[in-house]
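Structure record follows, encoded as structure tokens.
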Amino acid sequence: MNAVALGFDRTLLELKMYSREKEAVFFSFLFPILMLALFSVIFGDEMEAGGSQMSAAEYFLPGMISAGILLTSFQTMAMSVAAERDDGTLKRLRSTPMPPVSYFLGKVGLVVTTALAQQVLLLAVARFAFGVELPDTADRWFTFAWVFGLGAFAGTVLGTAYSSLATARTIGAVVVAPMLILQFISGVYFAFTDIPSWLQHIASIFPLKWIAQGMRSAFFPDQLASMEMAGAWEHGRTALVLGGWAVAGLVLCVLTFKWFKRGTT
Amino acid sequence: MTAISIRGLEKAYGSKRAVDGLDLDIETGEVFALLGPNGAGKTTTVEILEGFRTRDAGEVSVLGEDPHGANRLWRNRIGIVLQSSSGLDLLTPREILASTARSYAKPRAIDEVIAAVGLEEKADVRIAGLSGGQRRRLDVGLGIVGRPELLFLDEPTTGFDPQARRDFWELIRSLASEGTTILLTTHYLDEAEQLADRVGVIAGGQLLALDTPANLGGRASEEATVTWLEQGQRQSVRTATPTLEVRRLAERFEGEVPELVVNRPSLEDTYLSLIAPHVAAHDEPASHDTGRTNSIAQEVSA
């Protein structure tokens with residue numbers, strides 16, 4: 001079989017393993033959907049942003065979309081690659097004639113499938129359970145698509161590179177804590193404008209803030225652009241920052257990826 | 001035909017010389033057992049042969065190629081039985097065997113492999129639910145699913161119960177009878193004696209002895225020891241002609257000789273006397289290693 005066919009086969013195997021791991025399904029796949037439901041139940045229709053009244057589901061949807069992208073790409077990759085390096089799965093794959101690229105294609109297949117399924121589910125719950133009006137113009141969906149694509153790609157390569165920072169035993173803490181902090185300071189859980197400006201500047205270094213801003217531009221009324229740091233949606237800069245992280249992550253992956261755990265070669 | 005050829009192999013970790021000028025040839029179709037104490041350089045040597053480790057010096061040829069940087073076609077011809085990993089827990093033996101088989105050019109049929117390793121009843125059960133012995137047999141299944149010409153087996157029966165070991169030996173014998181070259185590392189001398197055509201003993205990164213299990217260290221020609229009880233005391237005689245000695249005793253005692261024993265050194269005795277000078281000398285570097293990084297120590301002792 002060629003590398004692409006083997007990559008497809010790896011994707012199916014990865015999906016089998018992912019779906020059988022209840023913790024992964026709960027904490028990365030269903031988590032943003034549960035959070036959206038929770039916010040909606042707690043805050044109801046009483047959110048207010050930029051002078052206009054919104055339901056909590058409308059208000060939090062872009063943030064949950066963004067958190068979901070990072071959970072299914074960055075967190076999935078960082079945790080699974082670290083575990084597979086530690087428990088010898090990568091070494092075992094290396095001992096077969098499987099081309100290395102097939103392993104990565106399998107991971108990409110896993111991320112693409114789970115991330116897309118998660119977004120569809122999230123949008124469906126928002127629309128049908130909480131009555132959120134979804135965008136009705138093509139250019140808004142286009143914005144959603146490229147922010148999603150760039151964000152998921154950057155998350156995938158950065159997660160793979162990040163996996164080298166820890167062992168399977170420590171990776172849970174090493175990933176989850178920074179992710180949680182990043183979600184808070186990037187305006188996923190509450191209005192980005194409520195965050196002190198020095199924290200806003202720190203958040204602006206990382207991709208999540210830009211994914212969230214891009215998603216707000218796709219789902220929020222245009223007049224809310226004035227609530228952003230720059231007073232505008234900044235599509236150009238968003239693409240630049242996310243693209244930069246994607247390229248940097250890819251280079252880091254190529255330079256640092258190890259098939260064997262530390263100290264064994 | 002030579003399956004594996006090693007000339008002047010050297011590998012050091014810091015100041016510790018794990019492999020120190022090793023020469024060895026393993027013939028095609030041979031079952032070869034590599035014996036040695038922890039830290040002897042067994043695992044390092046095998047991992048260099050598998051293409052997983054770099055070497056500092058020396059020539060290595062495995063199936064006619066240098067394993068360092070060998071390509072997919074070479075990987076297609078070898079099988080490696082690795083230590084079980086928990087990364088397989090969520091799959092079933094059939095799923096992982098089928099997936100692994102797909103990257104080989106001429107894999108064995110999955111059902112044939114499952115039957116060969118005796119996992120018929122567990123083929124569709126999550127691997128998390130398998131016993132240690134069953135997992136080990138699955139590891140072997142993963143090693144042979146690609147129909148390798150050369151199979152690496154690193155301490156295959158550690159943790160097996162006696163029946164599982166016997167079954168496992170049968171499996172190895174049947175692979176050998178099909179012409180598979182097998183390189184085995186083990187701590188169990190009886191395992192080497194049962195399976196191997198030839199045995200190599202290494203310690204301190206060097207080959208100390210190389211022979212058939214029966215002849216290792218001059219065992220076959222070694223004098224036998226005859227012992228018996230006489231006047232409340234154990235008497236013993238070392239002799240090249242034990243049968244004659246026993247007949248002489250039988251005549252002297254006019255029948256039954258009390259507590260008569262005729263003994264030759266076992267493979268274990270020979271092995272222990274071979275490595276004795278190295279075990280004490282190598283205790284220190286080994287523990288130094290443990291202090292430096294855990295994983296290296298694990299790998300070297302594994």
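Including glycine, each Cβ sits where the backbone N, Cα and C put it.
According to TrEMBL, the protein has these features:
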DOMAIN    A:23-263  domain 'ABC transmembrane type-2'
TRANSMEM  A:24-43  transmembrane segment
TRANSMEM  A:63-83  transmembrane segment
TRANSMEM  A:104-129  transmembrane segment
TRANSMEM  A:141-159  transmembrane segment
TRANSMEM  A:171-192  transmembrane segment
TRANSMEM  A:239-260  transmembrane segment
- Sort out for me which stretch, of A:24-43, A:104-129, A:141-159, A:171-192, has the most Cβ pairs below 8 angstroms to the transmembrane segment (A:239-260). A:141-159
- Closest-packing stretch to the transmembrane segment (A:24-43), where packing means Cβ pairs under 8 Å, from A:104-129, A:141-159, A:171-192: A:104-129
- Message: At a C-beta cut-off of under 8 Å, are there same-chain residues at least 6 beyond the transmembrane segment (A:141-159) that contact it? List them, or none.
- Response: 65-66, 69-70, 72-78, 81, 107-108, 111-112, 115, 119, 135, 207, 210-211, 214-215, 217-219, 235, 238-239, 242-243, 245-246, 249-250, 252-253
